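For reference, TrEMBL lists these features for the protein:
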type	residues	note
DOMAIN	7-151	domain 'Flavodoxin-like'
BINDING	60-63, 98-107, Asp133	FMN binding site
DOMAIN	202-445	domain 'FAD-binding FR-type'
BINDING	Arg352, Arg384, Ala385, Phe386, Ser387, Gly418, Leu419, Cys420, Ser421, Trp592	FAD binding site
BINDING	Thr459, Ser517, Arg518, Lys523, Ile524, Tyr525, Val526, Gln527	NADP(+) binding site
Amino acid sequence: MDNSRRLLILYGSQTGCAQEVAERIWRESKWLHYSGPVLAIDDYPIDKLIFEKKIIFVCSTTGQGDQPDNMKATWKFLLRKNLPSSSLTNVEFAVLGLGDSSYVKFNHVAKKLYRRLIQLGGKPLCDIGLADDQHDIGAFAVIDPWIDNLWNVLIEKHPLTDGLTPIDRNSLPPPKWNVHTSSSNISIHTSDKLPNNDLLKPNSTIVTCLSNTKTTAENHFQDVRLLKFKYSENSINYSPGDVLMVRPVNSEISVNNFFQLLNDNKNMKLNPTTILNVTQCSNDMPIPYNLCKPFTLYQCAKYYWDLNIIPNRYTFQLLSYFTDNELEKEKLKEFTTPEGQDELYSYCNRPRRTILEVLADFPHATAKLSLEYLFEIFSPIRPRAFSIASAPSVHINEIHLLVAVVTYKTKLVAKRTGLCSTWLASLNIGDKIPVWIQKGSFQFPYSQSCNVIMIGPGTGVAPFRSFVHEAVANKCGNAQTLHLYFGARNRLGDFHCVNDWEKLVADEKLSLYTAFSRDQDHKIYVQHILEQNEEELFKLLSTKECYVFVAGNAKDMPTAVKNVFINILTKNKHLNNIDMMETKGFYQTETWS
């Protein structure tokens, strides 16, 4: 291989999003005749890094500015102080970060990696890309133009030689893998699940559903569940603040809709029992563990592809290559242009249109899809993270989740539902599911001298149920040191885990402050209760060790709460400010969209 056409693509990914983007960059690199592997950062031998010429890094940030698990070892190595500042003199690099601006340390890992590579002598090919989940059209508002610019920079800095010309970027990029229908006599039952590498992860196990209890009133607008699971002794270990990782499966309704869409496809004679074989096109793109053995199309639709996902711009680009209908092609191509992004947002992101609904809207493209490209059009189901709501010292060999079932209306006729929350709510007692533990954002203190202020409206209270029970069980907290601010709509409608809190308050183990926004004429939220307790809060903040934890929806609450604390500290001329508290870990947030 011509070494000048080698492009190494490395990703640090916690849930799979950074990996998907890295694999897309790998596919598109073929337009410029590049070769080279796409790997998790820790899967690449770090001592070989100095011999590379061009490296693309795609990495996410987890927790309170933490690096993903599959780049921790390399991260530790790169931060070594004894590395020469000329280590990467011969390396050109680019960094794309995937983050969420609702967190204080937005894209912290990508920013720090970018700076460190420069310190070691690396030369940036282009500016760092900082994708943001909070953008109206999501992270792809940055990802798409950043990738487009990367190719423009590379073609300018490293023109093709030896008679090579760029492959037309309006042509279909090559597929990741070869996919064939099998003519073998293998018998695979439709109830069989795909091989699952989730159980190969550290701190993973099979859990059994003990109970699935609704914590909201029957007439309440929202369905929230307290799910309790049992696990075998010593099979996993967790601490308050950790999260449970769960990978859902598609509903039978979605799977049936998928097969209905395929009925008009003349290129593929497929049905649920069709057996598929996936083989490598290139050693640079390995086949995932789940797909290494033959499997049925039903298994793939049920357990591997996310049929509920909202497609991104790249999906529309791929569909445009297949349609033979001029009106479809024109609309699909419009969605891929910078000028068409507002229209794409209105069509896809605002109403939360799923991939199956998009395929139904473009029947000519769907009818022409080939088997290999189903694995490009559909993304794998990503795992979801849920704050653990149980305490290991109190709820022995159990793990609890507090889950709001996502369901809402948009301008589309069919209501929108969350894939994972709907699946979890459907679990019956005795059902078994694979799970694994990961470190969460919160790092709780355990000391009798600490004061802890917790703000957790709605299901944001889950990690505090875990911490308070554990702290009390270990005699590290009481009503003088543990202060919980809880908010919901109605005391009788959605006061989650009310029995826990009332008992802890009665036993003088917890101070509880509540805001029920709809139980009076005017709305009251947690920030209003915080303002009413300004004097008490300032006393707590003035002690030697006082921690503030905020958990819940990222929309308005975290900013409103932070402003209350900023006002309290400023008004009372406190030496600390919120920025200092955040830097030292005394003010921590865990929010979600």
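Cβ atoms are placed via backbone N, Cα and C, with glycine included.
Please go over these features one by one and say how buried each is and what sits next to it.
Mean model confidence for the domain 'Flavodoxin-like' (7-151) is a pLDDT of 91.
Applying an 8 A CB threshold to same-chain residues 6+ apart, the list for Ala385 (FAD binding site) reads Thr15, Val243, Leu244, Met245, Gln438, Gly440.
Of all the Cβ atoms in the protein chains shown, 13 others lie within 10 Å of the Cβ of Arg518 (NADP(+) binding site).
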Write down the Cα-Cα distance for Thr459 (NADP(+) binding site) and Leu419 (FAD binding site), rounded and given in Å.
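Leu419 (FAD binding site) and Thr459 (NADP(+) binding site) have their Cα atoms 18 Å apart.
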Need one number for the FAD-binding residues Arg352, Arg384, Ala385, Phe386, Ser387, Gly418, Leu419, Cys420, Ser421, Trp592: the maximum pairwise CA distance in Å, whole number please.
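Spelled out: the longest distance between any two Cα atoms in Arg352, Arg384, Ala385, Phe386, Ser387, Gly418, Leu419, Cys420, Ser421, Trp592 is 25 Å.
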By the count of other Cβ atoms within 10 Å, pick out the sparsest of the binding-site residues Ile524, Val526.
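Comparing Cβ neighbour counts within 10 Å for the binding-site residues Ile524, Val526 gives Ile524.
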I need the CA-to-CA distance for Asp133 (FMN binding site) versus Arg352 (FAD binding site), whole Å please.
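A Cα-Cα distance of 15 Å.
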In whole Å, note down how far the CA of Ser60 (FMN binding site) lies from the CA of Ser387 (FAD binding site).
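So the Cα of Ser60 (FMN binding site) lies 19 Å away from that of Ser387 (FAD binding site).
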